[in-house]
Every structure is written in structure tokens, then in C-alpha cells.
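Copied from Swiss-Prot, the annotated features are:
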- ARG24, GLN25, ALA26, GLY27, ARG28, ASP74, TYR150, SER205, HIS318: substrate binding site (BINDING)
- ASP74: site 'Transition state stabilizer' (SITE)
Amino acid sequence: MKNDLFLRVLRGEKVERTPVWIMRQAGRYLAEYRKLRAKVPHFLDVCRNPELACELALQPLQRFPLDAAILFSDILTIPDAMGLGLSFVAGEGPQFAKPLRSSAAIESLTLPPSGSLDYVFAAVSATKRALNDRVPLIGFAGSPWTLAAYMIEGGASKDFAFAKSFAFSQPQAMDVLLTQLTCAITDYLRGQIKAGAQAVMIFDSWGGVLPYWAYEQFSLPYLKKIVAAVHTVAPVIVFTKGGGLWLAAQKTIGAAALGVDWTVSLAAARKIVGESIVLQGNLDPTFLMTDPKTIRQAVAKTLADYGNGHRYIFNLGHGITPNASPDNVAAMIEAVHELSPQYHQ
């Protein structure tokens, strides 16, 4: 492989500089992405077309010297395959036609039918071929709690109050759903790895809305089961948005790396998780709306916060926003390339 910095860090090897990639690096901030999406306005039509998904995954690599590519898809492909009727409404985000609003609905749910997610695996294979060993390819899935939250809530939410109240009042039914999703996600990630993904990431996007005890009940144990089943075939990154206070618990998941958002000090996180776990993050995406000088200063602070060592991957603390400037993205990557080698002596 021409550039294996990302994988070398996950394996615990020494590297000459800090690798960098961006969550949602294929997205609306790129004019070429908007141009393609104008031709194919329905988001799921793009995800279900391996050639288009491959093209979008490669777009940021054609523009920026990133150290990894990530599959172009969505975390809600699994519940869609389970028959909940996923659609994306402009300005409102994802919606399910058949949300799970009772224990009976959960009991009647079945795993995704065989072949229903083959389009995702085909997109992985197509992207891997097109990369031609330029950089590693990351596969991904949502966490059991995050998928369950969407499936019960029926769509996007600021606080997922309905999903939380269901979990609190019907924990046994919630366990049935989370256990089923754990099986589906495990198979899904292993399928992506078989198709060519060299690392996988689990997005626990809404773990941070839970109280600490509820995180330990409704998210943590299921993440552990998935990682235990997957980490032997590829390194796993786990990212719980808003979960920085729970790093002591997260270090028990068994993941090769933990993502952190911008509310967390990398130095403090490093002390908590120890030297055997990679940290990934955590620049506030808002910096990409500023200017190159400000961004360079922020990158310098972020790198210094982690300090010397080889167990760190530079990223944002959440997905890149549509109003980010591509020129500022280039400035951020350049700053990482120029400023990080001093920490790898």
C-alpha cells in the first residue's frame, strides 16, 4: 500500500507523522458532490448504486491528500433492510414509515434478509478496487443504541426523548431490539471487511443523550459484543458523540481506537484510556468556517494537546458541515502534515 499511516497507527506501530481523515469527508461542502447529487436527488438512490457511492467516496481523495477513504453510505441501511421504510425528507432528515412503538413491533422484527445489503458490499468492493492501494478503506455502521433510537423515534431528533422513555420503561423489550441489532451490525461489518474494508468504525452518534448508567446498560455491552466479534479480522474505531465523560468505561470496549469530540482534552483522554488505545479527533468543525491562519493555530493546539506519540489520528470532533470551505480543509490537512512530524521523533 502506498500510504498505510492510518493502519500503522491502529496497529500500534511508529509513524513519521500524524494521519488525517475527515468524518463525512464526501459531502455537501464539495461542489463536485453537489453537482452529482443534483443529478440524483434521492440520497438512498446514491447509496444503493455502487458506482455512484464509489465516485463520491473518491471525490475528497482527488482533492485532498487524506490518509484514508471511507465508504459512502448511511448508518440507517440496516433498519431500512429490516423493513421500516426509510426515506430522507429535505430539511428534516431521515424518517421511518414504520417506527417501532411497541414491544410487539419489536418482537415481530426480523434480521435483514439475505442479500438485502449486498449493494453496500458492492460499493465497498468497487471503492477498494478504485483506490488501487492508495490509502486504506474504512467501513462503518451505526451502534445498536443509535439505530434503535432512530427506529423507535421514527426519525431524527434533538434529544430522542421517545426512544429514551421507551428504553427506561421497557428495558426488556429494548434488550431484545439491541441484541437483534448487535447480530445484524456484526454481520454487516464482517461483510464489509470481507468485501475489502481494512478498518471499520462504529458511530454511536446518540450515545451521548443517555444518562451514564443508561449508557452502561443500553450501549456499552452491545458495543463490546460487536467489537469482540470483529476486531480479530480488522481494527475497530468507536465514536460516541458527547461521550467524553465516559472514556473510562469506553476503554473496556476493546476497540483499537476511540473517537472524541471537541469538548474533550486529548491529553486528559490519553491519561484515562492509556497508551494502548488510539485516540481520534477532535477539531471543532466550526474552525473550517474561519481562515487558514486560525485553522493552523487550532491544529497546532490540537496536536500539542495529544503531544508526543504514535497512537493518534487527526480528525474533526464530528462530521464536517456543509458550510465548510474546501480551501480551509486543505489548510487544515497541510497544517497537520507540516506540524505533526515533530511529535513523532
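Numbers here mean position along the shown chain, with the first residue as 1.
Keep in mind that glycine also has a Cβ here, set from the backbone N, Cα and C atoms.
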For ARG28 (substrate binding site), the three-state DSSP class is coil
For the binding-site residues listed (ARG24, ARG28, HIS318), most other Cβ atoms within 10 Å of the Cβ sits at HIS318
ALA26 (substrate binding site) and ASP74 (site 'Transition state stabilizer'), compared by Cα position, are separated in whole Å by 12
Other C-beta atoms within 10 angstroms of the C-beta of ASP74 (site 'Transition state stabilizer') total 18
Same-chain residues at least 6 apart in sequence with Cβ under 8 Å of the Cβ of TYR150 (substrate binding site), in sequence order, are LEU76, PRO79, PRO94, PHE96, GLY142, ALA156, ALA163
If you measure between the CA atoms of HIS318 (substrate binding site) and ASP74 (site 'Transition state stabilizer') and round to the nearest Å, you get 15
Integer Å value for the Cα distance linking ARG24 (substrate binding site) with ASP74 (site 'Transition state stabilizer') is 10
Cα of ARG28 (substrate binding site) to Cα of ASP74 (site 'Transition state stabilizer'), in Å and rounded, measures 15
